[in-house]
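Trainee: Okay, here's the structure, questions in a sec.
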């Protein structure tokens, strides 16, 4: 069947239409005008012909126009020169009312300058690459003779409650129905909790997929996750299927079946306990823990509802079950409409791709390495069953939003320019059910739409944990072709590298053949079953390189970033692919506390990476110098929090009754400060234009960086310091998924946004807010009580501006701790005014008691507050 993406000119078109797929108000509607082909070779990419080796140019490369890029670079260069001159001036003018604070601010300002430089360096050569799906289909997927490589799809989940099972099964359905040759991709579902709910839900999903997948193929619907598809008010775009006259009736029938499918999934939480109780009553055994029974009346080998020895979380046997066998290589048409099946699938291939359930073995005394460990088991099991040369992984809350996504990634993997040296293709993360204003910067568009394009111009974007296609050979630790020595051995010490499974070791050389399709085993006999259980055993990796030189990396919270870094360090490239519509979509934590815990895990893991053998500064010459700078920035950014937190508390000096200068002369200091800020903001506005961001995107990025810097990043720094002295460090809480993310009605969708979950992580930011509100209130009280001249007002304006700026940056946090009252933001401003009046009155009353006859000197909190925490250094 021809691909629906074949006619999507937008993916191959140089106009680069809004690639974020959201149609956000304020985004650059004509941002394509800022991008031009990167060179003459890119003009050849538009010609639909293959090169000398028979491989065409499958994507086009675009760069930012010089009229925008050159001013952007000049602004950054000018700001760098201002920063250098600023430090020279400060070192020559060591004049302050407190030399201790002077040295703190000098060190802080130096670090902010370095941090800003690291952040900007990776964005000086942004590159956008656009896949050409029409050309890919022409050369690699002609009718009836597809030559597309095989793809193994990994999907991971842990708990059917924390990660709603309906959300996870929608992810599976979108994968089974994706637009890729059905016999050339297989899905591996990893249930790290060993839950019978997931197992039986997957069985129900396989049954429903027999209806849903042919329906998607027949009518070419998008997206192919049924919950998202049916939730849309109407279908987007024109109908592109084969039977427009049957579409309405077919859709109504499938929707009715889907509602029944949802009811069966929900009923599993009741049916399984009831069945187990009935089987337990009929069992001759008595006493002890009650077992959990499968539908056939046998004990479930995984986790039981009532935990028991060898049947609880962290302690259960390995389970590998093929739910759907390989479909074979010949199309299988469905049946015409009948009384039993009212849908006519007589012209539709009704085959389903291979589907496998995996629950790895877990035993006490073993570190199971969380998600990284689960994916390494998927890597080994899939090698024995399908061994596709390419792998794409998803979290359980992500689904395929654009069924051409696999093909788009293949455009980069198979291109003759850099395809052989490309280890992975990273797609941006896009989310459903984030509040319209993106209060907590969940979309993180500055990173995905600006920084990632900058990295795309170096050695490639970092791996962000989901929505990423890998080359299997790269995950096995192979070197890219350009770095392989002439006498390189395919397998040097295979048992030391990969373990003792000979069938797995035999599969390793085959994975390097990127033209390889899926080759399933002839039969799932007892020998293969035992081998599958062996590679899924918790002791299999003992004494091997798994988690270090092979597979996903262990012993770090940010295993995704470190895994991508390991591949870049070996000389591999990566590619960034942004599509319209979005390739994948998922859910994100919209609760303030959950979001902060997520940022804590990321920032703590980043610092752990810097202080480990994976430190970017220790990599060899295979890592591009600018890529090294980019990874250094990714790992050290939380350190800025130590200085930002100090600066945010300096307004306490408003309570002093005398003038206080951290840097003299203040006028020159302020000139440097505002000059640097102005150039930073100007370069930011240019960045907004070429990245297609909105002003709200930029502001949210600044705001949430400040929120993180006042509470989360200090905790991450503390965690790293504790780890460095040999202690365990802070525990990282896994993020819960929004329960209403799928299936919730409109009024319930953002319920988590208004829930207040108090945690110690909130306290430092509350203190910073209180200090800055108190400073403004105290200043107002003194001004009213004692008066001040115009010159005094001008002197104090800088400090007050800093206080107001901090509060503006913490505005989303203030809404978060208000709970449901934040639905009326005007209440926040009323509370702020009331607090300022109360503080001013209290301060004046206190001064009257303590010094009734003393004339207070006009206050002038000086300047260092501003330069040290220049907004130019704030980023997420």
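Each residue, glycine too, has its Cβ placed from N, Cα and C.
TrEMBL: automatically predicted annotations, no manual curation.
Computed from a predicted structure; not experimentally measured.
The active site annotation in TrEMBL covers 192, 560. Residues or ranges marked as UDP-alpha-D-glucose binding site in TrEMBL: 163, 192, 370. Residues annotated as Mn(2+) binding site in TrEMBL: 371, 395. What TrEMBL records for 67-88, 100-119, 630-650, 670-692, 704-722, 758-781, 793-815, 827-851 is transmembrane segment.
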Trainee: Out of 163, 192, 370, 560, the recorded positions in the record, which is closest to residue 395 (Mn(2+) binding site) when you go by Cα distance?
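Mentor: The smallest Cα gap between residue 395 (Mn(2+) binding site) and any of the recorded positions is with 163.
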Trainee: Do we see three or more Cβ pairs under 8 Å linking the transmembrane segment (704-722) and the transmembrane segment (100-119), pairs being at least 6 apart in sequence?
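Mentor: Contact absent: fewer than 3 Cβ pairs fall under 8 Å.
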Trainee: At a threshold of under 8 Å on Cβ distances, which of 100-119, 758-781, 827-851 pairs most often with the transmembrane segment (630-650)?
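Mentor: Stretch with maximum Cβ contacts: 100-119.
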Trainee: Give me the Cα-Cα distance between residue 163 (UDP-alpha-D-glucose binding site) and residue 371 (Mn(2+) binding site), rounded to a whole Å.
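Mentor: Approximately 14 Å lies between the Cα of residue 163 (UDP-alpha-D-glucose binding site) and that of residue 371 (Mn(2+) binding site).
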Trainee: So if I exclude everything within five residues of the ends of the transmembrane segment (67-88), which remaining residues of that chain have a CB under 8 angstroms from its CBs? That is, six or more out.
Mentor: 34, 106, 109-110, 113, 116-117, 120, 124, 126, 672, 675-676, 679-680, 682-683, 686-687, 689-690, 867, 872
Trainee: When DSSP is mapped onto helix/strand/coil, what comes out for residue 395 (Mn(2+) binding site)?
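Mentor: It is in a strand.
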Trainee: Secondary structure at residue 560 (active site) (DSSP, helix/strand/coil)?
Mentor: helix
Trainee: As a test of the contact definition, list every same-chain residue at least 6 positions from residue 560 (active site) whose Cβ is closer than 8 Å to its Cβ.
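Mentor: 462, 463, 464, 465, 552 - these are the non-local Cβ neighbours of residue 560 (active site), listed in sequence order.
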Trainee: Cα-Cα separation of residue 370 (UDP-alpha-D-glucose binding site) and residue 192 (active site), in Å?
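Mentor: Roughly 8 Å, rounded to the nearest whole number.
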Trainee: Taking the residues 163, 192, 370, which the record names as binding UDP-alpha-D-glucose, find the longest CA to CA distance and state it in Å to the nearest whole number.
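Mentor: In whole numbers, the farthest two Cα atoms are 15 Å apart.
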Trainee: If you count Cβ atoms within 10 Å of the Cβ of residue 371 (Mn(2+) binding site), leaving out that atom itself, what do you get?
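Mentor: If we count other Cβ atoms within 10 Å of residue 371 (Mn(2+) binding site), we arrive at 21.
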Trainee: Under 8 Å Cβ-Cβ from residue 192 (active site), six or more apart in the same chain: what's there?
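Mentor: 156, 157, 158, 359, 360, 368, 370, 371, 374 - these are the non-local Cβ neighbours of residue 192 (active site), listed in sequence order.
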